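Worksheet for the structure shown next.
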Amino acid sequence: MLCVNVELRERSYPIHIGMGLLSEPQVYPLKKGDKVMIVTNPTVAQYYLSSITDTLEKIGCSVENVQLPEGEQYKTLESLDLIFTALLKANHGRDTSIIALGGGVIGDIAGYAAASYQRGVRFIQIPTTLLAQVDSSVGGKTAVNHKLGKNMIGAFYQPCAVIIDTLTLTTLPKREIHAGLAEVIKYGAILDDEFFTWLEKHITNLVALEQQYLQQCIARCCQIKADVVTRDETEKGERALLNLGHTFGHAIETHLGYGNWLHGEAVATGMMIAAVLSNKLGDLSLNDVTRLEKLLTQADLPTASPDTMKAEDYLPHMMRDKKVLAGKLRLVLLKSLGQAYVATDTDKEYVLDAIRTCSKKS
């Protein structure tokens, strides 16, 4: 088992990474007599709910669960209310623990429920998708969507543990694996050129879910994110770099309707647009743009803007992005692979030109 620590003083927590961890009582920060509410969805529940419940009951916990509809389109206040109702009906108090068992959607909703219920209860992340394991389960971002924008209602709320069982990836559809690799590639692109080079060498091993490479990859991603979160927990500066591709990607998700493109797919295209824009602004070399496109393609990820979306369709969604300050668009761009920066008030004509360039790829 590998362990990465997120260092936040009294709110520090471990990220456990390994095979078969769901049935290991020692990784759960729980004790006899604790009440637990597991938040999951029916697909994940059929694989893992029973075994986790058995493990927690062996510890001596009282365990209940609530199952939410599946998909990004259900990351809503209505789903949040289902969790609150389940907690209240079962008389859960401020000493309860909420466990998020699922992908990024479940983690985001359950985390926001934990942050909100009776002004905050203990929260444990058990991410079951690659995207959630390397990104959304770490760092304390929780949220639900609004019809006008993604993740517009939320809070920073850290878990007390993240438990990553890499065997859960074996039950995922291949499309979900590929989507998760977008966030993996992002880490190399923004902060770690050596990791990017490692990914170029081992991307086929990761697609094939070879455990040795998977665990090494997940641990590296978690360490990069943990280091950034330690330095900038609430995204006042450096943490914004983790949003490479996300401003464009969120525009795609919102415009097409949540769930039509997976988050990682939209981020992949968003990273490609950001790379092309960086090149047009005189920063990123054409060779680095080509390397990024090749790696995304090897991960079976899209690099072209959706056929049904015009360049002008992006801007209204992008102006609702949480990084916008004083009405000015702020974008994460690249000087080189492994070196990202935040650009302020980039000329919209350059932005539109980059989107159009990526539209021509389709």
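Glycine too: its Cβ is placed from the backbone N, Cα and C atoms.
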Residue from H246, H255 that Swiss-Prot also lists as binding Zn(2+) with E183, H263: H246
Least Cβ-crowded entry, counting other Cβ within 10 Å, from the binding-site residues listed as G104, G107: G104
Among E70, Q73, T129, which are recorded as binding-site residues, the nearest neighbour of E183 (Zn(2+) binding site) by Cα: T129
Listed in sequence order, residues with CB under 8 A of H246 (Zn(2+) binding site) and six or more positions away: V267, G270, V332
Neighbouring C-beta atoms (10 Å sphere around the C-beta of T129 (NAD(+) binding site)): 28
Q73, T168, T171 as binding-site residues, winner by CB count within 10 A: T168
Candidate nearest H263 (Zn(2+) binding site) in space, where candidates are the binding-site residues G104, G107, T129, T171 and distance is Cα-Cα: G104
